[in-house]
Amino acid sequence: MNIFPSLMLTSLFTLTLPIIASTLNIHKNSNTPHHMKNIISFAFIISLIPTMMFIYSGQEMIISNWHWMTTQTLKLSLSFKLDYFSMIFVPVALFVTWSIMEFSIWYMHSDPHITQFFKYLLMFLITMMILVTANNLFQLFIGWEGVGIMSFLLIGWWYGRTDANTAALQAILYNRIGDIGFIMSMAWFLSNMNSWDLQQIFTLDPNHTNLPLMGLLLAATGKSAQFGLHPWLPSAMEGPTPVSALLHSSTMVVAGVFLLIRFHPLMENNKTAQTLTLCLGAITTLFTAICALTQNDIKKIIAFSTSSQLGLMIVTIGINQPHLAFLHICTHAFFKAMLFMCSGSIIHNLNNEQDIRKMGGLFKTMPFTATSLIIGSFALTGMPFLTGFYSKDLIIETANTSYTNAWALLMTLIATSLTAAYSTRMIFFTLLGQPRFPTLITINENNPHLTNSIKRLLIGSIFAGFFISNNIYPTTTPKMTMPSYLKLMALIVTILGFALALELSLATYNLKFKHPSNPLKFSSLLGYFPTIFHRLPPSMGLLASQKSASLLLDSMWLENILPKSISLFQMKSSTLVSNQKGLIKLYFLSFLITLTLSLLLLTPHG
C-alpha cells in the first residue's frame, strides 16, 4: 500500500481511539476531554504529512479498497477516495475541530456530562470524515446520515429547553426532505448504471442525468440550508456555542456543497442543473444577507452569514467552478469558527446575554476577543490579504468574467455588499460605544483554553488563505485579461457596504420610528417564512381536522341517532298509514270490474 493512504488512514483511525476506549470502560476520569483534544491535535499533525506529500507529488487520486459484501447484481466495498478534495479538507477540519474542542473545555466546564458532549463532537467529526473520503454512494450516505443524527443530538443537547428540542426536530425534519432527493438519486444510479462507485458513474457518463442531479441538488439544499429549506440553520443556534462553531465551519452545512463538488463531472455538462444551482445560490445568498441585517441575536447574525456564504459557494458551483467553491469551504472554516467562538466568549462573560443591544463597550474590557471578532468580520467581508479574500475575491472575479446570468450576478454582488453592512453593525453594537450591560458582571478572558484556541484560528484567519491558495495547483496563475473595474469589483462593493452601513447609522442615529417599515418587517421576520410555513399549515390542518371531526360527530352520529332517526321513522310510518284509506266499497268495486273484464276476455266465443 502506498504511504499516502497509510498515513492519512492512520490519522483518521486515530480519531476512533477515544470512542473505543470509552466502550472498554477501562477507567473514567475528568481528563477525558483533554485526551480527546490531544488526540485530534495528534491526528492533525499526522494528516499534514500525507497532504504535503500529495501536493508535491502531483498524484491525482489514490483509492484503498476492502471488499465488504456482494449482492446478486452489486459489489460493495469500503473504498476511500484520497484525492485533491479530501486530502486538503481533512487537515483543515482537524485543525478547526482541535481549536473548538479546546474552547469547549472552557465553555462547557460546568456541564456534568462534558465527556458525553466531547464524544458527540468527535463522532460528528468522524462521520464528516467518512463523508469526505467516501468513494461510493453507500459509504457517502452513511457519513451523510451520521452528520444528520449527530447534529440532532448536539443541537438538542440542553434537552430541558423547549426551544432546543424544537430546533433539533426542525433540523432533522428539514434534512429528511433533502434525504429524499439523495435516496432518489441512489435509486436512479443503481437502476440505470448498476453501480454506486463514483469512478464508474463518471466513466459511464450517462446522457439524461436531470433526475439524479435534481435529487442531489435537493439533498444539498436540505443539508446546506439553501432557500426553501433554510429555517433550521438559525434555529440550530439553540445548541451550545461549540456546536454552532463546528456545525457551521467544517462539518454539517458544508456537506451539501461538498456533495455537489463531488458530482461536478456530471454537473458540468448539464445546463439545467447548473442554471438551477446558480439561481438557488443567488437567491439564498441575498435573502439570508437581508435577514442578517436586522437580527439582534449575535449568534443568529453569524448563522445567517454562514447561510449567505453557503449560497455563494452554490453560486460558484453554478458557474462551473467547483475547485473555487472548495477553496471557499476551506478558508471559510477558519474565520467562521473563530467568529462563533468570540461570540461564545462574549455570551459566557455576560451571563448568557445574546442580544447585541445589551452589549457595547467590550473593546476595552475584552480586547483580545474584540480584536479577533473584528479580524474575523473583516475576513468574512473579503478584506484584502486576510483568509477570506483569497477565495471570495476570486469567486466574484470569476462570476464577473463568466458568461452567466446577469440577474444572479447582481444578486450576488448586492449580497457581498450587505455582508460588509451587517458585519459593521455587529461590531458597532457589540464592541463600540458605551456599555449597556449590568455593572456587576465580572469579565475574564484570560483562560488559556479560550485564548489558545482563538489564537490558533486567528492565525488561520490571517495566513491560511495565503498558504492554501499558494500550495494547491495550479501554482502559477495565467495572466488575467479583464478591465480594472471588474478586477476591483469585489473590493468596491465591500467598501460600498461599509460606507453605506456607517452613513445610514449616522443619518438615523437620533431618529425614532413609531411603526416599523415594511422592509424592516420583512428582514426581522425572516421574509415571513417561519410564519407562513411553520404557523399557517399547522393552524389550517388543526382547523380542518376540528371542523371535520365536529361535522362528523354532529351530522352523522348525534343528529342521525336521535332527532333525524325519529323524524325519519315517523315520516315512513305516516306515509305507510296514509296510503291505506280504508274505502272498502271502492276496493270491492275495483275487484269486481277487474274480475268481469278478465272473464269476458278469457271466455272463448263460439
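Cβ from N, Cα, C; glycine included.
As written in Swiss-Prot, here are the features:
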- 38-58: transmembrane segment (TRANSMEM)
- 87-107: transmembrane segment (TRANSMEM)
- 114-134: transmembrane segment (TRANSMEM)
- 140-160: transmembrane segment (TRANSMEM)
- 213-233: transmembrane segment (TRANSMEM)
- 241-261: transmembrane segment (TRANSMEM)
- 301-320: transmembrane segment (TRANSMEM)
- 325-347: transmembrane segment (TRANSMEM)
- 366-386: transmembrane segment (TRANSMEM)
- 409-429: transmembrane segment (TRANSMEM)
- 457-477: transmembrane segment (TRANSMEM)
- 488-508: transmembrane segment (TRANSMEM)
In contact by Cβ distance (the transmembrane segment (140-160), the transmembrane segment (488-508); 3 or more pairs under 8 Å): no
Which of 38-58, 114-134, 213-233, 457-477 contacts the transmembrane segment (325-347) most, counting Cβ pairs under 8 Å: 457-477
When counting Cβ pairs under 8 Å to the transmembrane segment (457-477), the leader among 87-107, 114-134, 140-160, 241-261: 87-107
Recorded stretches the transmembrane segment (241-261) and the transmembrane segment (409-429) touching, at least 3 CB pairs under 8 Å: no
Stretch among 87-107, 213-233, 301-320, 409-429 sharing the most Cβ pairs under 8 Å with the transmembrane segment (140-160): 213-233
